């Protein structure tokens with residue numbers, strides 16, 4: 001499966017995501033944010049980092065990057081589009097996912113490993129998980145997810161909430177850690193599954209996340 | 001158009017007003033310049049000498065001491081004198097590391113001071129051609145009992161986070177301690193580690209007549225003006241802090257500069273002659289040092305320097321310490337390849353001059369020559385001969401060891417575990433991204449941090465350490481012990497110590513007692529470095545850490561790197577499973593003067609420091625390494641501040657397991673800080689093999705238990721402690737003290 005990892009100026013988790021995908025038998029390519037054509041890829045990944053420095057609201061500049069038209073097109077075509085951390089912020093800024101990420105309730109960057117509850121195990125991103133409670137690293141200063149209550153009610157009704165924090169670290173509405181669009185092909189989360197794919201670094205709970213995506217696409221799951 | 005606020009005095013006015021004294025030059029130095037030039041130096045030239053001859057740039061007062069460092073062994077590919085030192089780690093790979101201090105700016109402007117400290121040291125690493133892979137921070141503050149210190153802690157932590165997190169290099173470790181002597185002079189030391197293929201090694205040299213001097217990165221502004229001179233003077237509470245001397249950082253820009261520089265080295269190594277970052281004294285020192293190292297001259301056209309502000313004068317352009325700037329020397333005729341690459345990545349890039357062979361440092365500005373100086377003279381200030389004298393306090397110390405009062409063992413432990421030096425710093429370290437790059441095996445909170453090298457079985461262990469109290473009581477022994485403890489940190493992860501960087505934080509070297517401390521500390525560091533085969537390959541000196549004549553404790557921060565051949569053999573501090581056997585490696589002695597418990601019980605540190613035996617140290621380290629390689633160990637933790645009691649508790653907290661311990665010694669020995677000790681745990685299946693290997697070097701203490709109960713039996717009593725209760729104190733103490 002061909003996966004594009006979009007690197008914006010200031011992205012810093014692009015290589016981590018690349019390695020996680022490569023180790024799990026995706027065929028990843030790191031693609032510049034200047035690219036305007038993503039038609040060759042089956043799935044698009046927007047990595048974490050500080051795109052364009054994020055000196056404004058996180059993701060607010062990246063949404064205007066040349067690649068974003070192609071990302072929107074891929075989303076409209078039903079391809080899998082995944083945003084992690086800053087990638088999630090960019091997808092909400094671009095209007096491809098509902099909601100908005102604000103500064104953490106208690107201001108400041110937090111790096112930790114937190115427990116997530118899988119709210120919807122029947123998604124492209126969670127179908128390979130055996131447990132409903134997993135541990136995934138977080139590293140963000142603006143991870144406080146907000147949607148208005150009407151939208152939240154719709155999202156709940158449509159099972160668009162994929163992950164919730166077991167112990168809310170940033171003030172997110174309804175403890176939300178990861179959400180998808182109505183069609184289920186666009187997904188964003190603040191925690192970093194790509195940092196949890198290797199036993200030597202202490203955590204492999206991110207592995208089923210990527211495996212789920214492969215399974216959904218009917219690809220053989222392997223691990224180099 | 002903005003014009004400079006600075007008025008350029010005439011050479012005669014400089015002489016008459018003695019402006020050079022304000023800029024840190026001495027009368028003698030100024031006269032030497034006049035004699036050498038055979039004329040009065042102009043405004044720009046006087047500024048150039050003040051920057052280049054500052055201690056921060058020239059090391060004129062510390063060079064004699066630094067030359068004594070042992071810095072060569074079979075691994076050393078690059079020793080001191082370049083951006084960073086380089087060690088061979090096999091497979092044609094090399095590790096690059098260096099530490100740097102940003103003490104003065106962090107006191108004045110903690111956020112930017114600390115942030116630009118991270119930025120500066122990273123540039124040192126990637127200018128050598130290495131990809132930075134980790135950052136560690138060694139921080140010292142006053143006690144957390146006043147609002148200003150809390151403001152400094154918050155600002156420094158936020159600054160490190162703001163810069164390091166954004167650039168995407170993990171902050172994997174470091175340490176933090178608090179003591180009143182640092183209240184007016186906090187220490188912000190940052191160590192960075194990089195990884196490279198040996199083939200891409202670069203040095204900061206300007207060779208080859210006619211080669212191009214290329215400026216890349218951020219534009220030059222009026223920030224950090226003459227920061228090097230600022231960093232080379234003491235503080236006084238009477239004078240207002242000089243905020244204009246502090247630089248402002250932009251981690252986004254630095255990431256672009258870093259990625260593009262590494263790309264340039266990868267793709268254009270054949271045309272890049274040298275690279276150096278613009279650090280202290282900015283464009284001036286980087287250009288002068290590169291030409292001097294190659295034995296050449298240099299000529300720059302300052303009109304071509306990318307500028308952020310209008311009306312800048314040559315003094316400002318040369319002495320600005322604007323961040324995120326690099327200087328490259330590129331083969332003549334090939335400039336466009338480099339210029340194009342940087343410009344494609346939205347960075348300024350400009351050819352601003354050429355390498356000459358006349359040994360002159362020449363600056364042109366608006367069609368005039370504004371400086372024309374002999375380069376070698378400029379880069380070699382007089383090295384003043386400094387007086388040294390053994391501090392009086394060392395003569396007057398009481399010889400006998402302090403004896404702690406441990407009549408209530410439970411209360412003593414509870415109090416000790418909440419002391420700022422001992423308590424967990426996790427609530428502060430969690431602001432740093434320790435995991436980005438996804439290679440961090442041991443995160444902050446271990447004895448040393450461990451970063452795997454992807455694609456190999458290897459991992460690099462890294463640590464920073466020093467206990468200024470020990471050096472205050474005995475500078476030489478304290479220096480030895482700082483190296484020994486850093487090595488113990490490394491060994492406790494299973495890795496072999498391979499090299500050292502340092503930040504020598506001291507008071508004013510013009511004070512003979514401080515100069516004595518500096519000399520003795522370096523002698524101690526050196527002797528232990530040789531024994532451990534860990535050469536000192538890079539480092540930094542931060543002098544004048546004193547306010548109103550009161551110096552800090554001598555605090556030579558030791559940054560050490562170790563190599564672990566097989567990352568699967570990594571050891572961590574936490575207990576692993578119930579029924580594992582707990583052993584103490586190394587003998588416990590009457591070592592209480594200079595300890596945490598002395599400070600806690602008396603409020604001060606005084607007396608004659610306890611003994612340190614280098615042979616015992618080597619033997620303990622060797623045993624732990626051997627036992628681990630043989631597969632006998634489940635965990636290891638080195639003993640440091642707070643002694644055996646604190647080490648046991650930390651292993652218990654981290655492993656979420658209890659212990660049952662029995663020792664034949666009286667309770668006070670739980671707090672002895674005898675060096676050269678570890679606690680290790682051994683699975684029952686390895687008991688006899690481990691005991692056979694260890695012999696009398698290890699003493700059985702007890703077992704790991706799966707409960708909240710911590711049972712401590714001494715020759716005097718048995719106490720039961722609650723792990724949950726103690727852990728709460730340990731984890732929350734710093735947070736509580738930071739609140740108002």
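Note: Cβ is positioned from N, Cα and C throughout, glycine not excepted.
What TrEMBL says about a protein is an automatic prediction, not a curated fact.
Binding of ATP is attributed by TrEMBL to B:59, B:98, B:539, and within the candidate set B:137, B:502, B:510, B:580 the record adds B:502 to that site.
TrEMBL lists B:101, B:102, B:103, B:104, B:123, B:247, B:321, B:322, B:323 as substrate-binding residues, and of the candidates B:542, B:579, B:591, B:635 the one it assigns to that same site is B:542.
Comparing B:16-60, B:209-363, B:445-563, B:580-712 for CB pairs under 8 angstroms to the domain 'PurM-like N-terminal' (B:81-196), the maximum falls on B:445-563. Inclusion criterion for the binding-site residues B:103, B:277, B:321, B:540: a C-alpha placed within 10 angstroms of the C-alpha of residue B:59 (ATP binding site); this criterion is met by B:540. Look at the recorded positions B:56, B:123 and count other Cβ atoms within 10 Å of each Cβ; B:56 has the fewest. Confidence over the domain 'Phosphoribosylformylglycinamidine synthase linker' (B:16-60), given as mean pLDDT on the 0 to 100 scale, stands at 95. Highest local Cβ density among the binding-site residues B:103, B:323, B:540 belongs to B:323, counted as other Cβ atoms within 10 Å over all protein chains shown. If you draw a 10 Å sphere around the CB of residue B:101 (substrate binding site), it holds 28 other CB atoms from the protein chains shown.
Ranking B:16-60, B:445-563, B:580-712 by CB pairs under 8 A with the domain 'PurM-like C-terminal' (B:209-363) puts B:16-60 at the top. Here the Cα atom of residue B:277 (Mg(2+) 2 binding site) is found 11 Å from that of residue B:321 (substrate binding site). Nearest to residue B:323 (substrate binding site) in space, judged by Cα atoms and limited to the binding-site residues B:100, B:502, B:539, is B:100.
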